[in-house]
């Protein structure tokens, strides 16, 4: 079926995609590999050499960190995007960009097929397939691990049989995905929800009890909803995230252990490390509480939840997602200021916040005599505010609350 066909594979250098690359070669296809640097921290040249050794005709290594931060992470920050209220969606945010670049690479080499290493149980298969269909419906998507129905131990054996070096063993069978915005760890003993992750699972975050005994204060500056400075120093978003990952991670901040509802209908146990993402979203929410009206603050979480669901479900390039983007962007016009946080042994606590267009006014809020709040207006306000309730009670009296006749003795 694939004999002589050009196929561009989203290549990570890990077990799944390395097995796919060899499989394509065995099928007589002309496999090309695309490695997209989203901040994984792996030497790109090592990945290139590995793909060529396995059988890739050509390997594209593209640095997409700035595009990822600008076009995918930035909207997620403004939307406080957390799936299930906890997962900052770093993998889900990266997939539409990878699919977009796969299409570009396919056009460059004249490929008719693009491929990924997703399994049939995961969410990524949906994200890759749906995004490709949205951008290039003429291309055929191939997913060998899913279609082949090979389990992880079988993949490891296949890799060993074909001399494919992989960082996964039967003794350490973790599946890891990482980019600028976070790191996920799953599979192996982590599939038991009662199993506590051992220290070897984590790379970005220190064990909280072993973190420094002195707290670290950081100040994040925002302009129109986006972080632009760290401790007073203006930084590009990519560099700011990198620095904050290191700082917060050193203090054990940024771990998530959750049961997650996957798009395919099953629950999974997920371990995440996202020091910068969780701290930035925490700070951003705090600044919004200072600069947005009560009505916006009440309504925006519903938009944020739907934004997170669309991202998680692979519906990034859809009309609804674009409409939500427009709403969120409008809310961010005044979200400028700074938030100071205290990082200490796994916790991140807001220690202060300020904004040039803050809606908070100490003169109005203070209980001191110099308060400018006109308390004499309160009685009239309460009378009007409670009028509908009083009118309802008058027309529809509650018998249990009716006056009782005085008892006679």
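Note that Cβ sites are derived from N, Cα and C of the backbone, with glycine treated the same way.
Per Swiss-Prot, the ATP site holds 10, 11, 12, 13, 14, 15, 16, 17, 18; the candidate it also names there, chosen from 117, 120, 122, is 117.
Least crowded of the binding-site residues (18, 123), judged by neighbouring Cβ atoms within 10 Å of its own Cβ: 123. Residue 127 (L-citrulline binding site) has 16 as its nearest neighbour among the binding-site residues 14, 16, 18, going by CA to CA distance. Taking a C-beta cut-off of under 8 angstroms and a sequence separation of 6 or more, residue 12 (ATP binding site) has the following same-chain neighbours: 35, 40, 47, 117, 177. The local packing around residue 127 (L-citrulline binding site), expressed as other Cβ atoms within 10 Å of its Cβ over all shown chains, amounts to 27.
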